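Everything on this sheet refers to the single structure shown next.
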């Protein structure tokens, strides 16, 4: 639309979010936000480094670290002009002589000389730009938990140990004495919350073990019950099915093979054949039998 100012236009996405603020926002605000991100990221990096170092030395949960960094994001440039050397060099020189006289009782003559010298002057121009994001100050605060003896009594850490910890923190961060500040203070941490959390996790693990144990126990009971049901089914079928008729005599080779087969295997095979034949011939009787077994199992 001709003549329409961008500030009067509002853009939204499919979720109703206003995108105009991103387009029309002050660039200085975005720059400040980026500067804060840089400063915050540097603080996190230093704190993570100290946390890792102190946790490995004192043990997890025995130290609390806080780091604050002040940075100067002012960017300035300086131009410096220097001239030299101290003794200027003569590049060229011109001399001019003039003659003159005066009339008096005695006639005299006089002359004057004027000299013009051109000097060689060396000029040096230096442009310097100060570093962007210069560190103005680093402040580190460290709280150290004491130790507990065999009886559970709290003991403060020694002064020498605290001094060693402070010196290690200074070297790890790169502290400048006349600019930065480090504070290492002993404290007795409240570990009651940690104990409660540990008890809660232990109880949760115990409940999980019990639940899994009950699942395996139920599966075992169900498997045993299924085996008993199968035995009852085979026993009932064995009573209901007619006895197998004796087979006709076979040749010597077949008899030798049958001798190798166990009597139990032969009986199982004959029973399966009879069950299959009985099911095909009298399906109603089989259905009635299964229904009776199910009722007995429920009772």
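Yeah, the Cβs are placed from backbone N, Cα and C, and that goes for glycine too.
Among the ranges 193-213, 214-234, 235-255, the one that TrEMBL lists as transmembrane segment is 214-234. As stated in TrEMBL, the feature region 'Disordered' covers range 78-115 out of the listed 40-77, 78-115, 116-153. Along the domain 'Flagellar M-ring C-terminal' (54-189), the predicted structure has mean pLDDT 77.
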